[in-house]
């Protein structure tokens, strides 16, 4: 018998009982095997063998916070090599071990010990900064070959891995199965086997009909892990690695899931490697082999039966009642080791010494002997390689055998990804509705604005405007591809690791689905716009227009997908996308004809597909059109037509008809022969970019990750930090804030003088849905007294979190009945402030340090009677008390970055303590996901807090006996929310054990008392075989507790007078704004990628607009180009407006999920503080934009008073910056997600800018929309801006802009035009003394040209004040809307709390 077989745990063993899967599951697995046999897909197995295997990473081990300025200097550091050097650090050092097919391995070690890195390396997931050394082979097949050609056989499932969120279980499993079922000839169609396999797997995991129509996004965590296992079962990997996926589950659920995985491993012969936090003895003995890692060093590898004896022989002894896992993981914490004093030999202390002892041990020698034997059986590597290829020949398409790790041909990959994309959109109703609404709404807006255009020369501008807006809108809407691709990048990475498909196949498949969707909405858009605006009414013209909008959509969709693939971060993608949209609009030919673009940028116009599309639809509309003149000049009523001309661009003398083609030649220099040529050019662009994207997709790295390194803030001393902008000047160390330098005792500081008793009686909680009514809590009663630590136990969905939220008075949707008192006082004032509550996964500002986070909460939540220095001194005592001193200046970070999970849990406790809530503290599963030793240390800290005077109620889901012994009392709930135990537990948990022995009628129980208790809890869900709640209710202990609860409530020790009349918030409104503004500013300052993207956009956009209109002349068309230069400022503002919304929604999520319920600050202060920081940042960056735009555009050349006009233009830009900042905040306030905010922002921008005076001239706006002309803020901004920069700017007509006409006999040109000039009020005759060939220019200065757009220079200060009013209105509306939406029932329903 092999060593691994000896190490296997017996399922009937007391330490592993009740780990057997349901019979239904084993039956379904047998059915699954029958199908695989029928398909000839069984018999493939593989183990692995590692020898001196090392994973090295290159990084800077002391990674300081890089602020915005530091990031700006980063390129210089790279060039001159002045930045921090990267060290090569071994993450996994010299790992030895092997695992036979069908066996299982448990990887132990504290967080950061290298376990996750080992599992990823085993599955071929190696990051850019990592490299593998040593030997690793899979039954003789070298890891380099396996990782490149057989990656699909290696499955890694990490915590929080990506899924297709808007798809049903059935469709997901069919997708995975279709990607892993070879394209061979079978007895039945391939689709038949796919459906059959998926039905079996869904039945096996109880994911039947109820889940078929539910998308994965609404699943709870328990169902999600079932889906993960089912997905892995469909993929049929040879080696499975599970990286702590079950960290949020209770032990019962973990055992259930692992038992299913074990059965699959045994039946299919797959090899299992797993990391399980807080593994009980039952879980531990489910594995065959175990390895223990200590800071990257392997200090044990062998059968599970040898783990504990090995370390006992080394001279260590376990703590009382500790599990095997607790014992061995405690050895990786030097302060937790218990040394056997009778041991005579050497006792290791450092990781290197543990490693040396392991290398000299007999267990290591046995391991090497078994490894040698294993390698001998697979010594002929090449022969096994050939055999391996022979075994997989059926499972690979022959042409791809030696190069492609995917099992199906490319065309089937495209089909599978297209199918899953289709169903993904089919179930994403909100996206489809928003997608269609956006196109239809914009079409109705544009079509109605240009409704029924007349065939007159006065509407030549309008006809061109509707065409330009139509083509630009369809192009700009494809920018959503950037967001779509970025959402899919993590999915691409995961599926690429699993070798389900090539990323290029997914890109092609999604294009095949999304492009027809766009064709549908573009068709609707084109029909509405084309026929409402009365463009050329014939079939040929319509279908040409339709064709070019379609090809432009296709081309620009490919362009923005290419941009998203090239971008490494969302900020870079937004930057490139924003610049791309700006360039697309400027150089499309509509804003400025190509001939006016400087040679330095003209190549961009030729590389812009929209330019060719605009040219073609303009030719399609104007070529062959004869347009009657709206106004003949100068004397149509008194002089013959030969002495008049048409006052329109391209108007001719002696005729009242304007040729549409002549108009295009004069204004744009378009040629009719280019119409179909342009179509070919656009398609060429599209095909080239699409092909480039498909090639690029297979070679770029998705979702790059780096080694987890905490970031810290460099602090030389407290006094230096106090002088910086990060911390207030009052901030000083305790020795400086207290003149007498008196040391405050920690225990006294943390305890309180009150003896508050939290008491609750007959609590019931019910959640009502559309289809059912569920009782979560049923008649729960109890109390918390001082110096007591109480455990709250129960399965998932038993109501633990609900009870804690009700007791803490945190918001929860549902019906609550019962009484809650504080020392007998019902409904005391501000009860929420007197109870500390640590939620399950609290959210903090990731850019803040630990110390800064605690100081913020102390300053905002402690009483105003304490000075800021006292509050900060108290924070230092909390840091010392909880042992956070070493990480006090580390960045908190996000998921997977920043602080370790253990320190984040300590931080959540420290935050509540720093607020000094009172003597009551409630915690919702604070130890979840921690390793056994970290969980024990955290509960020890809770015990220490309880002994210092706090009353603590803490829910736990994966306790061990050693952890349970730290509690004083235990409250157990069943799945119906009934109390089944609430009492002390006795010495060594004897009272608790005896109670459950008595009601079960047994005298035996597991050696692990916690296992026995959890085993009893497991029976609570197996039906009404026994009334556990009734049994407890009949006990004397329960009756005594109820009597005590009644006594407390009937004899209150407090009155309302005992509580001071406090306001809802502890601090003043302005202090809240100040502290939150400083917090937000620090977060922005340290989120350097965001600020870099913004500053780069403002500089680049300003320079692009400025130099696009550089050295424009003084002709009519060139002056109009300068007006469009100012118009482009409004277009550029949309990128900044969209850029602030993700940050607002991020801050809002923290506020709504955590800070709001703790009454830290008001929502008004939240919005104003966010606005102040955004206003400062945006105004600073807008100033950079202004200089890049104003001076290259040459506006200063026309102003005789440069300081005033330039200063006024800057002032208008600043108030406009504040306007769109508040507009973006207001839209984000009412938006549930970033995507929705982006869509609403785009729709609002287009709606407002349609009435800015430059899209449709005010004089020809249809009657229905005339009211919007007076309401558009962009109209007032552009009027003020353009009036300021172009006031008194002279106009000298170019030759083609001058109208030539002969006056009647005996009339000079001046005499002939005098009446017309007086009546029209604009224009100039260049040769008034001449009697022939009069030269008339329509405008003599820019002010006359601006009048046609409805702009007047004299309105400049009025416009400035109106913009101030709009800004104030937006800010007030944002505050009001946030309050209204938060208070409405549907908002509470949308934020409904899902019980645990």
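The backbone N, Cα and C atoms fix where each Cβ goes, and this holds for glycine too.
The feature domain 'ABC transporter 1' is assigned by Swiss-Prot to 73-320, with sequence analysis given as support.
Feature annotation from Swiss-Prot assigns domain 'ABC transmembrane type-2 2' to 1071-1286.
If you look up Swiss-Prot, you'll see 1-22 marked as region 'Disordered'.
When Cβ-Cβ distances below 8 Å are used as the criterion, the transmembrane segment (431-451) is approached by residues 166, 425, 462-463, 465-466, 469-470, 473, 477, 517, 521-522, 524-526, 528-534, 1235-1236, 1239, 1242-1243, 1246-1247, 1250-1251, 1255-1256, 1261-1262, 1264-1265 of the same chain, each at least six residues removed from its ends. Feature annotation from Swiss-Prot assigns transmembrane segment to 431-451 (among others).
Within the chain carrying the transmembrane segment (466-486), a Cβ under 8 angstroms from the stretch's Cβ atoms is held by residues 438-439, 442, 446, 449-450, 453, 510, 514, 518, 522, 525-526, 529, 533, 535, 548-549, 552-553, 556-557, 559-561, 563-565, 567, 570, 573-574, 577, 580-581, 584-585, 588, 590-591, 609-610, 613-614, 617-618, 621, 1235, 1238, 1242, 1246, 1250, 1255, all 6 or more beyond its ends. What Swiss-Prot records for 466-486 (among others) is transmembrane segment, and it gives sequence analysis as the kind of evidence.
The transmembrane segment annotation in Swiss-Prot covers 512-532 (among others).
Remote same-chain partners of the transmembrane segment (543-563), defined as residues 6 or more beyond its termini with a Cβ less than 8 Å from a stretch Cβ, comprise 470-471, 474-475, 477-482, 485, 507, 511, 514-515, 518-519, 522-523, 525-526, 530, 535, 573, 576-577, 580, 584, 609-610, 613, 616-617, 620-621, 675, 678-679, 682-683, 685-686, 689-690, 692-693, 696. If you look up Swiss-Prot, you'll see 543-563 (among others) marked as transmembrane segment.
For 572-592 (among others), the entry in Swiss-Prot reads transmembrane segment, with the evidence type sequence analysis.
Taken from Swiss-Prot, the feature transmembrane segment covers 680-700 (among others).
According to Swiss-Prot, the feature transmembrane segment maps to 1095-1115 (among others).
For the transmembrane segment (1166-1186), the residues of the chain that approach it from at least six positions outside its boundaries are 1072-1073, 1076-1077, 1079-1081, 1084, 1091, 1094-1095, 1098-1099, 1101-1102, 1132, 1136, 1140, 1144, 1147-1148, 1151, 1209-1210, 1213-1214, 1217-1218, 1221-1222, 1225, 1229, 1371, 1374-1375, 1378, judged by C-beta separation under 8 angstroms. Taken from Swiss-Prot, the feature transmembrane segment applies to 1166-1186 (among others), supported by sequence analysis.
The transmembrane segment feature in Swiss-Prot is assigned to 1208-1228 (among others); the stated evidence is sequence analysis.
Annotation comment: Swiss-Prot describes 1245-1265 (among others) as transmembrane segment, evidence class sequence analysis.
Among residues of the same chain six or more beyond the transmembrane segment (1361-1381), those with a C-beta under 8 A of the stretch's C-beta atoms are 1163-1164, 1167-1168, 1171, 1212, 1215-1216, 1218-1219, 1222-1223, 1225-1226, 1229-1230, 1273, 1276-1277, 1280, 1387. Positions annotated as transmembrane segment by Swiss-Prot: 1361-1381 (among others).
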Residue numbers, six or more beyond the limits of the transmembrane segment (572-592), whose CB comes under 8 Å of its CB atoms:
464-465, 467-468, 471-472, 475-476, 479, 482, 486, 556, 559-560, 563-564, 566, 601, 604-605, 608, 610-611, 613-615, 668, 1089, 1093, 1096-1097, 1100-1101, 1104-1105, 1108-1109, 1121, 1124, 1127-1128, 1131-1132, 1134-1135, 1138-1139
Intrachain neighbours beyond the transmembrane segment (1095-1115), with Cβ under 8 angstroms and 6 or more residues off its ends:
575, 578-579, 582-583, 586-587, 592, 596-598, 600-601, 1121-1122, 1124-1125, 1128-1129, 1132, 1135-1136, 1139, 1181-1182, 1184-1194, 1289-1294, 1297
